[in-house]
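Structure first, commentary second.
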Amino acid sequence: MSDVAARLETIRAAHLYRRLRTLSTPQDREVVIDGRRVLLFSSNSYLGLGINAHIRRSAVRALEKFGTGAGGSRLVTGNMTPHMQLESALAAFKGSESALAFTSGYTANMGVISALCHKDTVIFSDALNHASIIDGCRLARGRTVVYAHNDMDDLLEKIRQLRPRQGFIITDGVFSMDGDLARLPELAHIARSYGLTLMVDDAHATGVLGATGRGTLEHFGLSHEDVPVVTGTLSKAIPSEGGFVCGSEILCELLRNTARPFIFTTAPSPAAVAAATAGIGHIAAHPGLVRRLQDNVAYFTGSLAEQGMHVPGQSPIIPIMAGEEEKAVRAAEALLALGVFAPCIRYPTVPRGQARLRLTVMASHTRDDLDHAAVSLRKALAGV
């Protein structure tokens, strides 16, 4: 422990030091941070459902009926009626035969990958995959081969070099720091052609992409035959906490018996599970909310273009590149001074020299909010 102070000083000197900012209000388009009311442009609550009255009442009813905690792992005493209801809702919403809930999206990816991949498995993983996929690959006993981001030629070259007897292609559906989409139809074709299994993390696509918010499969017109393993989270557009995997019943049966993060973790609380189920139901019943989010994304990218910033706008995640860490820190502080909260993203979340402001659009943002954020962003960047 003698080097703790020195390590912290090194972090500060590299402009990588992080501190916690405290929100004293719910996640909405406006929040109070450290005592100041600002526009929120960095939340993953894409549909703004964290304040939805029906969803909150569902959580309260579950709390009153089932108590504050599950009291054990799902395989011992922690499997309650709300957990089974959630998995049924997930399977119906995602169009899969079955589903299995985890305590987080992180543990879902780690559990699924480490359970399915053995010593003879080759995993082909996109270079910009989320840390939970990277850590799941590290836990797995197979060989991990990283291919260049969304580069099908590089992926094919690596597959042809190795010719694995059993292999997985694993990718984010929406890449969390860049906001671009995986080339899923091409990945599905490659997986079929070479006898590989395609796994997609739909954390930032569920409730966001597709005509009804069912994710990347709906967006691209694919099925679970094309993508047999779909993971995701319950803490973004779905306004709760937890994670999931959707697939065949036999897949979920195997994971119930072999996925260590599922077996050795206390089950999610009944209130959180009930909130997730209610959130899924609300999204399914209100596709107009998903369209509103998609319309806001299109409007915001247009507003940014008017301010001289051209971004793809494939998803609600809008990265504005700053480059050096110090510049990103100054830009984020300048933006906050103008009433817009969008923290900078730095190493190790992104590579060194690729620091950025990561803005996210919500369905609850107004056009005035979006215009104000675009103008404020131009001013903040001009000052650094």
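Heads up, the Cβ atoms here are built off N, Cα and C, so glycines get one too.
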Record-annotated pyridoxal 5'-phosphate site (Swiss-Prot): member among S88, S125, S176, S248 besides G105, Y106, D201, D202, A203, H204, T233, L234, S235, K236: S176
For S176 (pyridoxal 5'-phosphate binding site) and H130 (substrate binding site), what Cα-Cα distance in Å is obtained after rounding to a whole number? 7
Please name the residue among the binding-site residues S176, T349 whose C-beta has the most neighbouring C-beta atoms within 10 angstroms. S176
Using the centroid of the Cβ atoms of G105, Y106, S176, D201, D202, A203, H204, T233, L234, S235, K236 as reference, list every other same-chain residue with Cβ within 8 Å of it (recorded pyridoxal 5'-phosphate site), in sequence order. N44, H130, T206, T231, G232, G243
Long-range Cβ list for H204 (pyridoxal 5'-phosphate binding site), cut-off under 8 Å, min separation 6+ in sequence, same chain only, gives N44, D172, G173, V174, F175, S176, K236, S315, P316, I317
Of the binding-site residues listed as G105, D202, L234, the one whose CA lies nearest the CA of R18 (substrate binding site): G105
Does anything in the same chain, at least 6 positions from L234 (pyridoxal 5'-phosphate binding site), have a Cβ under 8 Å from its Cβ, and if so what? A101, G105, S240, E241, G242, G243, F244, A272, A276, G279
